[in-house]
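Asker: One structure, as structure tokens, below. Some questions next.
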Amino acid sequence: MASEKEIRRERFLNVFPKLVEELNASLLAYGMPKEACDWYAHSLNYNTPGGKLNRGLSVVDTYAILSNKTVEQLGQEEYEKVAILGWCIELLQAYFLVADDMMDKSITRRGQPCWYKVPEVGEIAINDAFMLEAAIYKLLKSHFRNEKYYIDITELFHEVTFQTELGQLMDLITAPEDKVDLSKFSLKKHSFIVTFKTAYYSFYLPVALAMYVAGITDEKDLKQARDVLIPLGEYFQIQDDYLDCFGTPEQIGKIGTDIQDNKCSWVINKALELASAEQRKTLDENYGKKDSVAEAKCKKIFNDLKIEQLYHEYEESIAKDLKAKISQVDESRGFKADVLTAFLNKVYKRSK
């Protein structure tokens, strides 16, 4: 018997083939040959639906809460409308990941070769990334151009895309994999990187899109959402950094590589804030080296500095702050605190 979660995921996935068909129809309308249409369909299917789909599903879940319905109570037309916006976020994610994997020279993504590593693809993946982004605006135009919020959601996608790219830029110039310089790291910089690179598109964007469709568009309400979701997104990334270093491969489903990859993670930044001169020297000499002995030296310092305990203290403190903020939410214009509680519950004390 499929769980409620699996049934919801299945319903969401069922919308995607129609979107691929629609995007391909626009290529045919331009008179593109079959091989170009097939290539685009392959790229869309390879890069978009393979992940956890959390961002896309969040649009649907949030809209349902704002509409006082369960997801199952949404009629098909109403459901598809918000699901398309969910898929637009998944296309944005696909666009970022195809490009990121090339910049990071990654080998696999979601258990299969990265797109640029697929035979025949190579550097064509750069253009494919652009085309994944372009798909967002084709879909917004064909499904939403007659809605009063069309310009708002289009501008929101542009704005959040630019914010994410700024976060990526900061990350790339702060922590290049081949040039370790811990003097460039700081908790303030880490906060900027994760807010821009992750929080806006993964946490704020899904909720803001659902709010526009539900007719909750007052700037005060968008701000209420932002004021919880941006710090929540930062907490989510700090948790990710913590799990990469302290989680087991069985628990997180991968081997943590942040230390060897010279990542500007919360763990190293917290350690740099607290390290003695001697510990700092050891970190300078060993962080970012593709070497398990060097990695173990860094981990020993993290343990000596009790980073794990400090993370748990941080987690309790941020969760308490966010719960307090959520309890103050003004629901008089139709926004609902439950939207934010649902997000916090997904993140708090997760272990993978």
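Positions of Cβ are set from backbone N, Cα and C atoms, glycine also.
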Asker: Starting from the dimethylallyl diphosphate binding annotation in Swiss-Prot that includes R109, K197, T198, K254, K263, which of Q93, Q237, Q279 is the extra site residue?
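Answerer: Record check against Swiss-Prot: dimethylallyl diphosphate site with R109, K197, T198, K254, K263, extra candidate from Q93, Q237, Q279 is Q237.
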Asker: Given R55 (isopentenyl diphosphate binding site) and Q237 (dimethylallyl diphosphate binding site), what distance in Å do their CA atoms have, once rounded to a whole number?
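Answerer: Here the two Cα atoms are 15 Å apart.
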Asker: Of all the Cα pairs drawn from R109, K197, T198, Q237, K254, K263, the residues the record ties to dimethylallyl diphosphate, which distance is largest, in Å?
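Answerer: Value for the max Cα separation, rounded to a whole number: 21 Å.
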Asker: Measure from the Cβ of D104 (Mg(2+) 1 binding site) and count the other Cβ atoms within 10 Å, all protein chains considered.
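Answerer: D104 (Mg(2+) 1 binding site) is surrounded by 12 other Cβ atoms within 10 Å.
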Asker: For Q93 (isopentenyl diphosphate binding site), write down the residues of its own chain that are at least 6 apart in sequence and whose Cβ falls under 8 Å from its Cβ; none is a fine answer.
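Answerer: Those within reach of Q93 (isopentenyl diphosphate binding site), by Cβ under 8 Å and sequence separation of 6 or more, are G51, R55, Y201.
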Asker: So which other residues, same chain and not among K52, R55, Q93, R110, have a Cβ within 8 Å of the centroid of the Cβ atoms at the isopentenyl diphosphate site?
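Answerer: Result: G50, G51, L53, N54, G56, E90.
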Asker: R55, R109, K254: which of these binding-site residues has the sparsest Cβ neighbourhood within 10 Å?
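Answerer: Ranked by other Cβ atoms within 10 Å, the binding-site residues R55, R109, K254 bottom out at K254.
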